[in-house]
Amino acid sequence: MEHSSQVAEDPREMTVISTLSPISSTPNDGVEGNVLRTASPEAPLAPSLPTKDHKKRLQLSSNRLFSLDLLRGLAIFIMITVNAQMDGAFPILEHPDWIGFSIADTVFPSFLFITGCTIPLSIRADPHAPSHVYRSHALRIFKRSVIIWGLGVILNLYGLVQLHVGGDKFRWPNVLNRIGFCYLVVAWMHLLVLWRGRQPEKPLSFSYLFTPQRRISGGFESDSKRDAVATPDDISEEKEQDDYGVWPWFARVTLPYYLPVSCLVIWLICTYSVQVEGCPRKGMVETPECSAQAYFDLKIFGTAHTYRHLNFDPEGSLSTLTSILNVWFGWFIGCTVRSLNAQVKQLVNDFKARRENQGDVDEQTLLVEQVLEREMLTRIYTVHLSQWFWWGILWMFVGWIFSLGLPLSKPSWTATYAVLAAGVSQTMFSIFFFKFDAQPKIKELDQLHLEHQGYRSNNQLSRHYHHSSTASGHQNDPESLQSTKSRSNYSRTLELYFKFDHFLRHWFRKSIVIILGSMGRNAILLYMCSELVQGTCSLIPGGPADPTTGEVTDIFTSAFNHTWGALDIGGWASLFYSLGFTALHVLLAIFLDYKKWYFKV
């Protein structure tokens, strides 16, 4: 989504991060697409102009929310590994048939969560902007959703080639189709919230709630006096203002919650009110063939257009309602990230203005100011991180508690599964944010504390040490020299230990940054590449036909049988083989990231 001249930057918010969408890169400041265009926070928003310098167009912003890249990279890493599992898959990387929860079940909800998280970070507009600005945003959102949906259709069309079937067996639901649809719904909701949501500057009082008032010429007049004092221009301006009163206020405050509540209520009604033909009762969530998911999928798609021609589709119709909940949870966290950015920007600007007003100050005063600023920044990060982490734990607990009555099921995407998976995604996001976005700020604070303490006490300690050593008269004492030598040997051993520990920590962290970061920036390309490669390998025979059954083993399975599959190590063979397949995609991702080539959606 390109900049529009009517899109205004809220002075209370901070343009410090640029994010990518869960399956493709989406930059900050309302720009959509994987080709990122960087903009200065101080510069006014202006229409994006094409440039001939491709390297500059592909340059990623230095103010990225890196934790989203890593979470997206981790999700695509696990997804490729899970999809490449062979017979006898590693237990925790295998999807349960219907009821249950495993690590493999956290991948798809994580993509949906990141989808929602990037929406408020990439789509911004002035609440008082003309309506055509919002229509332009809505059309661009729809266009991007259609592109994502079209990529899913391409994968399903290639599936017809793999299965050697005709177009009458085409499967309509798909992973990318669901992501595109959920993104469309929640992003349109976000535009509605920006347009008709609560205005923080409007006061809330008794008269505000129960006395219908309207704004006229900068003041407030009651309806009885409006016609006597208002001019035609005032009345025209008045029509552009929101009515005051209890219902308009309530509508603005609760507007973001209409969507998740509606989806949950509709899903519950549909789940427990329909009965599949041939099943003994309604609401049989535990049985796939008798579930409401199967009822609606058979009515809408039929068995000819579902996954493996089952009675239900894992990305079917009814489960799309509850999958919107995961996108909404991510959207809510994205809004709190913007709030954090606004607080950080306000704090930085306040200290900057304070330093400018103070003029020239001594080094100690400047150091104290820096320590105070970093302490307040750390406190802001700590408050938000604790909220994200503990709310994530709470959602996981709520999902687990209610699963005692409504089981966890990814194929039917039950409400308990949606809440539990959203809690997992939120908790992982808070951990990544702490380690890679907030912890550098905390380390800067620790360094400033050390500098501040060293500035105050360095000279005093030096004088004290010199005075004590001179007064004791043991400078040349053999026992004192031996003790000093022992302490020196101990310090060297400890120093070597810390150097080795720092070496391991540094390269472990660096490997995570390189692998997950590069995969997260090209997630949609890697996903499609893995699906197409596996599909193509299934078409290539890997050896002679079986004399008994006549079946021909494809090259993907044959490679497994002649490598890790030849070893009698159970599920570990499938794990190692799938990790090797994923490593090929890691190398591709690192190469693309090094060349600054990012797939644009």
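Every residue number used here counts from 1 along the chain in the order it is shown.
Note that Cβ sites are derived from N, Cα and C of the backbone, with glycine treated the same way.
Features reported for this protein in TrEMBL:
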type: COMPBIAS; residues: 1-13; note: compositional bias 'Basic and acidic residues'
type: COMPBIAS; residues: 16-28; note: compositional bias 'Polar residues'
type: DOMAIN; residues: 64-186; note: domain 'Heparan-alpha-glucosaminide N-acetyltransferase catalytic'
type: REGION; residues: 1-35; note: region 'Disordered'
type: REGION; residues: 466-486; note: region 'Disordered'
type: TRANSMEM; residues: 65-86; note: transmembrane segment
type: TRANSMEM; residues: 98-123; note: transmembrane segment
type: TRANSMEM; residues: 144-163; note: transmembrane segment
type: TRANSMEM; residues: 175-195; note: transmembrane segment
type: TRANSMEM; residues: 388-408; note: transmembrane segment
type: TRANSMEM; residues: 414-434; note: transmembrane segment
type: TRANSMEM; residues: 507-528; note: transmembrane segment
type: TRANSMEM; residues: 569-592; note: transmembrane segment
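Taking residue pairs at least 6 apart in sequence, the transmembrane segment (98-123) and the transmembrane segment (569-592) share fewer than three C-beta contacts under 8 angstroms. Packing against the transmembrane segment (144-163) from elsewhere in the chain are residues 1, 23-24, 32, 169-172, 174-177, 179-181, 183-184, 187, 524, 528, 531-532, 535, 538-539, 601: each is 6 or more residues past its ends and has a CB under 8 Å from a CB in it. For the domain 'Heparan-alpha-glucosaminide N-acetyltransferase catalytic' (64-186), the DSSP-based tally of helix, strand and coil residues reads 89 helix, 1 strand, 33 coil.
Beyond the ends of the transmembrane segment (414-434), by six or more residues, the same chain brings 65-68, 70-71, 74, 101, 105-106, 109-110, 113-114, 117, 264, 267-268, 285, 322-323, 325-326, 329-330, 333, 385, 388-389, 391-400, 402-403, 406-408 to within a C-beta distance below 8 angstroms of the stretch.
The list of residues near the transmembrane segment (65-86) in space but at least 6 beyond its ends in sequence, with Cβ under 8 angstroms from a Cβ of it, reads 17-20, 22-23, 93-95, 103-104, 106-108, 110-111, 114, 117-118, 121, 337, 425, 428-429, 432-433, 435-437, 512-513, 515-521, 523, 526-527, 530-531, 534, 557, 560, 565, 573-575, 577-579, 581-582, 585-586, 589.
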